[in-house]
Structures are given as structure tokens and as C-alpha cells.
Amino acid sequence: MNRLNFMNYPAQISSCNQVDIKQKTMASPNVSLLLVLVSLMCSAAFSSGESTYATGLSENFYDTSCPQAASIVDAFVTKYLQKDRNFAGAFNRLQFHDCWVGGCDGSVLLNSTATNQAEREAHVNFGLRGVAEIDEIKAALEYACPGVVSCADILIMAARDATVKVGGPTWTVATGRRDGVRSTDLMADTNLPFPVLNFSGLVANFAAKGFNAREMITLSGAHTIGRSHCNGILPHLYNFTGKDDVTDTDPAMDKEFSVLLKTLCPQGNRTNTIFIDSTANHFDRLYYQNVLGGRGVFITDSALITDPGSKKVVQSFAKRSSTFFSEFAAAMVKMGDLGVLTGTQGEIRKTCQFVN
């Protein structure tokens, strides 16, 4: 079968012609697959010449009601990063884990109750950080502008500000999101990608949210910053084929790197934490170089080079002249549009961990 060249289908597509898949699917299996994939990618395309914001969001939403909102968020993010630059990864993870589950509505921040296990209790959210910090920012905003700025918007602004402060790209944040009132662990575990997915599993997970394969590879680059508990790494080291044995390690992993990881994450230890990139406090392209060298921490990292087309994208992003930064910014904007609540939907929480 002829494989699609991912390099010919970047995330930023200026226009897509209508494709009548039903009429052309009898041509050949190869053509059918090509048409389906191109159609999916076109439907998810980012158009740089048009507004990409969801209805109800705008760049100047708080200009009148809380003009200091952005500067307050930025000041607190600066404070957190001065204490621990690795919080940049935590804020990026919070946006992804919020938006991927029912939309960008701040539901990942909610506490469990006596009758409900919230998203933060999900297996896939093990070790999630930054919730208390977002609530501290919220308290400052409530003091300055009571009942105006949503927790959902704070998450989006914090992720962008933190990325920039550790050397990453910037992007314009449109605001106006409102906070959701529903959060369950099941929602998180059935929507977020587990770190053991193979390449086709990752493509399917992202396609369900309207993101193509190239955008999935792009957003995987968020692993250039941050840290992880060993919980998500153990399968890559000790249970790659299901044997649950000290020797059951991904054979494609660099041998010296696997020895190092096993020292940091002994078999059965779920709680140790390690940096997930050799420059984990700096947003750069080294993540892709590490993946190409067999030094991907998660199974999902290593999976990016198991497909020839995907591997070409990884090779491209690893170069200094690549479009990784601009494509990452575009993908974060697109993610911020997922399932937003606006207008009179949802609420503006007083504190981020509790519904009003």
C-alpha cells in the first residue's frame, strides 16, 4: 500500500476542496483510504486567514469587565516558574486534560464529592499538578473582579504564559469561556489517551477530537517540558509485550537510556518522579531528537516513529528550521476551542475546585 506523505499535509491548510468520498471509494482501496484521511484532515484544518475562535470567545472579552485579568495571571505564573520552572509542563498538561474531556470548561479542577469521583481521581490523571496554583490565581481575580473571570479561561492563559516563559512560542488567547459543573473520573479515563497507546490508537484518539495525525505529533511536543510519575512509564520498561517482567522492555529503546530509567523507576514503583525530557525546564525541539534516538519516555513517544509518515514529521520537527513552534501555537489555539461554554451556559465559579 502506498503511504501518505505527512509532510504534504501540514496542520495549517489554507483551503480544502469538497471531496465526494462515496462516489470515489470504488476506485481502489488505496484511493479510498487517501480520500478518507484527506477529508478528515481538511475538516480539522487550521486556516491562518480566518478567525479560529469558537463562537462567544474574543480577544478582548475582559477589556471592560476585568482589564487587569491577563496581567494578574501572568504575574502569578511568573511567580510559580521562579520557584519551579517545571510548572510550565504542569500548566500545559492541565489545559490538555481539561479540554480533552467534555471541552475547555475547567472541569478538571473540580474536587470529588461524597457521591461523585471527579476527573482528578481518574487513572489517567495520576499526579496531576497545578490545581492549587490555578485556585490561587482565581482568588486574586475574585478580589480584583468578583464573579467575572472563569477558571476555564485562567487555565488557557496560564498554559500560554508558562510556555512563553520557558522559551516556547506565544499565541493569542481568546477568552469568554464559562465553567462547567460536571466532572467524573470515567469521563477522563474514556477520553484522554493513556501513555500505552500505539500509533494507530493515538491517531484515533485525536481524530475523535477533530485533530489530524500531524497535529497529534505536534501536541506530543508538549513533552519537551514537564515531569511524570513512574506510573505512566513502567509499562514501557517492564510490560511492553504483556509479560510483566524486568526484561520486557521496548526493544527499540536506547539501551543505556532504558537502564537509566529503570534506576529511576524500579519495577512496581509508581510514585517516583522523573523529568520527561533532558531539557525539561526549557521548551525546545530536543524532544523530537530524543524520540528519534530511542529515548522517548512513554510508549506513546516511541510510537511516533513506528509509522514512516509520522517519523518524517518527527525528523522535520527535530530540525532548527522546522515549523514546530508555529504549529504548536496553532494547535493550542484550536484545542482551546473544544467544547467551550459561553453566554449563559455553565457558571463563573467563585473557587475553581467547587461548583457554586
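From the backbone N, Cα and C atoms, a Cβ is placed for every residue, glycine too.
Note: TrEMBL annotation is automatic and uncurated.
For H97, the entry in TrEMBL reads active site, proton acceptor. The Ca(2+) 1 binding site annotation in TrEMBL covers D98, V101, G103, D105, S107, E119. Annotated substrate binding site per TrEMBL: P193, in sequence order. If you look up TrEMBL, you'll see H223 marked as heme b binding site. Taken from TrEMBL, the feature Ca(2+) 2 binding site covers T224, D277, T279, D284. Under the heading disulfide bond, TrEMBL lists C66-C145, C99-C104, C151-C352, C230-C265. As annotated by TrEMBL, domain 'Plant heme peroxidase family profile' applies to 56-356. Positions annotated as site 'Transition state stabilizer' by TrEMBL: R93.
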Q) What's the CA to CA span in angstrom from H97 (active site, proton acceptor) over to D105 (Ca(2+) 1 binding site)? A) 11
Q. Ranking the disulfide-bonded residues C99, C104, C230, C352 by other Cβ atoms within 10 Å, which is at the bottom?
A. C230
Q) Relative to the mean position of the Cβ atoms of D98, V101, G103, D105, S107, E119, the recorded Ca(2+) 1 site, which additional same-chain residues have Cβ within 8 Å? A) H97, C99, W100, G102, C104, G106, V108, G180, S183, M187, G339
Q | Remaining residues near the recorded Ca(2+) 2 site, that is with C-beta within 8 Å of the centroid of the site residues T224, D277, T279, D284 | A | I225, S278, A280, H282, F283, R285, L286, Y287
Q: Rounded to the nearest Å, what's the C-alpha distance separating C265 (disulfide bond) and G103 (Ca(2+) 1 binding site)? Just drop the number here, would you?
A: 33
Q.
Around D98 (Ca(2+) 1 binding site), which of the listed recorded positions (C104, P193, T224, D284, C352) come within 10 Å, judging by Cα atoms?
A. C104
Q: Give me the mean pLDDT over the domain 'Plant heme peroxidase family profile' (56-356), rounded to a whole number.
A: 96
Q: Enter the number of other CB atoms within 10 angstroms of the CB of C66 (disulfide bond).
A: 18
Q: Given the recorded positions R93, C104, D105, D277, state which is nearest to C151 (disulfide bond) when distance is taken between Cα atoms.
A: D105
Q) Within 10 Å of the Cβ of D105 (Ca(2+) 1 binding site), how many other Cβ atoms can be counted across all chains shown? A) 29
Q: Can you tell me which binding-site residues out of S107, E119, T224, D277, T279, D284 are within 10 A of R93 (site 'Transition state stabilizer') by Cα, answering none if there aren't any?
A: none
Q: Quick one: of C145, P193, H223, T224, D284, which recorded positions lie within 10 angstroms of S107 (Ca(2+) 1 binding site), measuring between C-alpha atoms? Sequence order, please.
A: none
**Q.** Cβ contacts of the residue listed as 'substrate binding site' (under 8 Å, same chain, 6 or more positions away)
**A.** V124, G201, L202, N205, F206, T300
**Q.** Entry from the binding-site residues list D277, D284 having the most other CB atoms no farther than 10 A
**A.** D277
